[in-house]
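Note sheet for the following structure.
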C-alpha cells in the first residue's frame with residue numbers, strides 16, 4: 001500500500017511544480033512592458049555640424065518573449081525576437097548652425113506600430129549595450145516641443 005501513495009505524492013508534486021512554472025511565465029510577461037510605441041527623447045547629429053539636436057519622437061520599446069534552448073545544436077539556429085518597427089513614417093529636422101556646404105537636414109523614422117520580430121540592422125540598434133538615445137558627442141541644442 002505504500003508504493004501507490006508514494007507515486008501519488010510524486011505525481012502531485014510534479015503537477016504543482018508544472019503549475020508554478022506556468023504561473024511564473026505568465027506573471028513575468030504581465031509585469032514587463034509590452035513591445036509598443038513610446039515617446040522618447042532622442043538626439044541627432046551630423047559630421048560637420050557643431051551642434052546636435054535633442055527632441056521628442058516615438059520609438060519602439062518593450063519586451064518580447066524569447067526562448068533559449070538548453071541544448072545548443074551546431075545544426076540548428078536560434079532566432080531571438082526584439083521589439084522593432086513595423087510601420088513607420090519619416091520626418092526631417094534641420095540641424096542648427098551647420099556651415100555652408102554641409103546639408104543640415106536629417107531624416108529619422110517615427111514609430112507608428114511595433115512588432116516582436118528579427119532585428120533588422122538597417123532600422124534598429126541591435127547591440128547588447130548601446131548609448132542612450134539622447135547621447136550627444138557635440139554641443140546640445142534642445143528643440144522646442146509644440
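Quick reminder: no glycine exception, Cβ is built from N, Cα and C everywhere.
Here the structure is a predicted model, which means the values were calculated and not measured.
Residues or ranges marked as disulfide bond by Swiss-Prot on the basis of similarity to another entry: 35-83, 49-98, 52-136, 60-114, 64-116, 119-126. Per Swiss-Prot, N-linked glycosylation site is recorded for 39, and the stated evidence type is sequence analysis. The feature signal peptide is assigned by Swiss-Prot to 1-28.
Location within the structure of each feature annotated in Swiss-Prot.
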{"residue": "35", "record": "disulfide bond", "contacts (Cβ under 8 Å, 6+ apart)": "60, 61, 62, 63, 64, 83, 114, 115, 116"}
{"residue": "39", "record": "N-linked glycosylation site", "contacts (Cβ under 8 Å, 6+ apart)": "56, 57, 58"}
{"residue": "98", "record": "disulfide bond", "contacts (Cβ under 8 Å, 6+ apart)": "46, 48, 49, 50, 104"}
Within 10 A of the CB of residue 49 (disulfide bond), the number of other CB atoms across every chain shown is 22
What is the interatomic distance between the Cα atoms of residue 119 (disulfide bond) and residue 52 (disulfide bond), given in whole Å? 27
Count the Cβ atoms, other than its own, that fall within 10 Å of the Cβ of residue 83 (disulfide bond), considering every protein chain shown. 23
